[in-house]
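See structure below.
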């Protein structure tokens with residue numbers, strides 16, 4: 001963990017290193033992914049089965065790729081009623097928030113008499129990628145699938161690797177609760193290929209969403225254009241801003257909640273209170289002694305963690321906007337003043353009580369968020385990922401006479417004569433009609 | 001041009017071929033683009049100058065990369081007042097429509113007492129790519145830059161290749177009118193690299209938008225993740241649906257306006273009226289005899305053009321949604337009924353008077369639209385491309401007690417104990433506080 005102090009002469013250098021130290025080049029998997037995509041495109045289900053046998057150590061035939069209703073039922077029956085209720089709470093809250101996000105269509109007639117508008121429509125079919133193994137999170141299934149359903153997507157096809165054939169019952173329960181229509185036991189780049197190109201068993205979709213490892217990310221990058229994709233997720237981070245009123249153990253747990261995801265995760269505390277900084281540092285060490293995922297969380301905290309002492313919240317605001325954190329907790333007596341000055345952040349948690357983990361499960365907003373400083377330009381998953389816009393224009397004869405000549409002038413200047421003629425022919429017809437009248 | 005008839009037995013096969021015939025693999029430029037990106041990243045301005053000399057036949061030094069204010073002034077002085085007025089009409093109308101698009105923030109307190117919301121903020125800096133040579137369209141500058149400014153983007157850096165050193169005065173005038181803050185005479189993958197990674201002369205941006213050739217498209221694909229990008233544009237298309245009330249020459253000009261862009265462009269007429277189909281086919285041939293860009297438009301029409309005769313507008317609706325056209329003209333007496341059934345289209349033009357070319361220049365909605373069937377999942381350029389969302393949650397003690405336990409249960413089920421502890425520690429504090437009270 002690095003301690004930085006904004007009053008020190010070398011602060012800027014240390015802060016820059018802190019941001020840069022997770023950048024590095026990710027493993028180059030372009031070539032193997034391109035090979036997997038090409039093979040799935042050429043061989044379809046046979047390639048899916050071959051790759052699943054190789055990567056998930058699970059011999060499989062095409063007829064077994066799809067998880068059956070009976071398997072889903074059996075899996076759900078294994079989940080405790082308490083957990084099913086917790087899933088319900090989460091799903092209902094996610095649904096409610098994403099419903100509030102739904103945008104309104106636009107339609108109006110402007111001063112020139114031109115009718116203008118924009119209509120939102122859902123995608124027909126979406127593919128949800130759900131990571132397998134230790135990262136198979138039922139909450140992620142809800143966060144990906146519920147917004148798609150709220151947007152009006154009819155067909156939701158989910159791919160999840162089942163290493164050694166093991167299905168995660170809670171993942172299946174979440175998928176059923178979220179309205180996923182099809183589940184396939186396929187993972188990795190081969191799953192993305194199947195969703196993008198289609199096979200005999202898996203019909204192609206229009207957009208692929210969901211987090212994954214480097215192979216999944218590269219596969220999404222390579223199929224982008226043929227289908228839509230969501231942002232490519234990198235390592236995750238949290239910035240916690242805390243004042244003297246924050247409880248040091250709670251701050252420590254919030255930092256560790258991020259750190260326990262991944263050794264590449266980054267947890268940063270920004271505070272004006274040197275005594276709190278010391279107490280949090282000690283509390284992190286204390287919690288690491290008993291935390292089950294201490295190996296991961298400790299590695300993250302040691303390598304990428306930081307406590308930054310700042311003069312005031314003005315400095316905190318500037319640092320936040322430079323980091324553009326995925327998660328931002330404002331454990332402050334008055335969080336709103338600082339929040340008003342945050343330009344770049346994926347999701348913000350206001351006040352002492354609002355643990356980031358609330359947002360991971362039951363807050364309502366999405367937990368699929370822009371990582372690794374991409375909140376500078378990207379947003380969390382939302383209904384907007386599952387909708388697209390159609391703009392429209394209607395112009396009657398009068399409106400055409402008012403705005404058409406400028407179009408003709410510009411089309412001619414661009415050397416696009418058919419463009420110009422398509423408008424001027426209409427203008428001529430109107431004018432000659434007006435002459436006759 | 002292909003004539004298809006939905007009553008014929010081989011219609012489905014012919015229609016499928018029509019959609020597939022532009023697919024094919026685009027030229028593989030991954031490797032040369034990767035090399036260009038790496039070199040610009042390593043060598044900065046020196047690489048930009050070397051590539052500009054090679055590809056644009058223009059020796060240049062770093063101090064000349066940026067187009068000066070004096071050059072912009074001089075260029076604007078060459079543009080006729082009529083054209084400047086036409087640019088003004090276009091810019092004002094684009095600005096007005098995109099202002100109407102601006103979304104509202106969301107903030108509310110739900111039944112559990114949880115404060116929830118979503119805030120839109122603009123990107124800090126955007127890079128606009130403008131193609132050079134014959135495709136240097138001032139209208140595209142307006143369509144890319146104006147929405148960014150409306151969204152609130154402060155810094156707009158434009159890159160435009162200037163082959164043989166030739167600046168396009170109208171492009172510069174459009175850039176000035178649209179509020180572009182910096183213009184660089186750099187094109188191709190090297191321009192995208194400069195915008196994404198930055199050089200001594202060109203500061204990096206957060207998102208790169210704008211159409212380009214295969215190198216530009218591949219470069220955008222490769223920098224995606226480090227910066228945001230817009231959709232990758234493929235060949236363009238129009239579907240015109242016309243009834244007996246449409247004028248055949250005007251329909252023909254609308255089809256040719258699309259065809260004159262590019263030999264890969266596709267123009268499709270769908271009609272219920274066999275006589276109109278014949279008249280339009282003849283009118284296209286007649287116009288091709290005099291059209292300046294007849295070589296390009298003729299090649300497009302011959303290879304990719306089609307006239308599809310359908311039984312009724314139900315069939316038309318189904319075909320439209322399968323094609324998901326970039327542009328859709330409804331040259332119908334009653335366009336609204338069919339429009340209501342369109343699920344997938346980039347932009348729609350309603351009624352006999354509304355030439356697609358109106359939308360290219362002065363309609364108001366964006367002309368940067370999802371091409372090649374990507375309207376299934378993608379949208380035209382808009383203010384949404386230059387904004388991102390920050391969601392937020394605030395929970396006081398009571399709200400936490402209501403929703404916290406479900407978060408704890410799910411976090412434990414996912415094996416994320418620090419997540420669970422970060423919530424349960426707060427719940428414990430509230431409960432013990434309540435006990436004491």
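Every residue gets a Cβ built from N, Cα and C, even glycine.
Note that this is a predicted model, so its numbers are computed, not measured.
Residues A:236, A:258, A:261, A:360, A:414, A:419 are recorded by TrEMBL as substrate binders, and the candidate that the same record lists for that site, out of A:327, A:344, is A:327. Residue A:414 (substrate binding site) falls outside any helix or strand according to DSSP and counts as coil. Contact with chain B, taken as any Cβ pair under 8 Å, is found for the recorded positions A:360, A:414 out of A:327, A:360, A:414. Neighbour density at the Cβ, taken as the number of other Cβ atoms within 10 Å, is lowest among the recorded positions A:326, A:360, A:414 for A:414. Sequence-distant neighbours of residue A:129 (NAD(+) binding site) (same chain, 6+ residues apart, CB-CB distance under 8 A): A:158, A:159, A:160, A:187, A:191, A:192, A:195, A:208, A:209, A:210, A:211, A:212, A:216. Residues A:236, A:258, A:261, A:327, A:360, A:414, A:419, recorded as contacting substrate, have a largest CA-CA distance of 55 Å.
Sequence-ordered, the extra residues of this chain that approach the NAD(+) site, with Cβ no more than 8 Å from the Cβ center of A:129, A:190, A:213, are A:131, A:159, A:161, A:187, A:188, A:189, A:191, A:192, A:212, A:215, A:216, A:219.
Cα separation, residue A:261 (substrate binding site) to residue A:190 (NAD(+) binding site), rounded: 25 Å.
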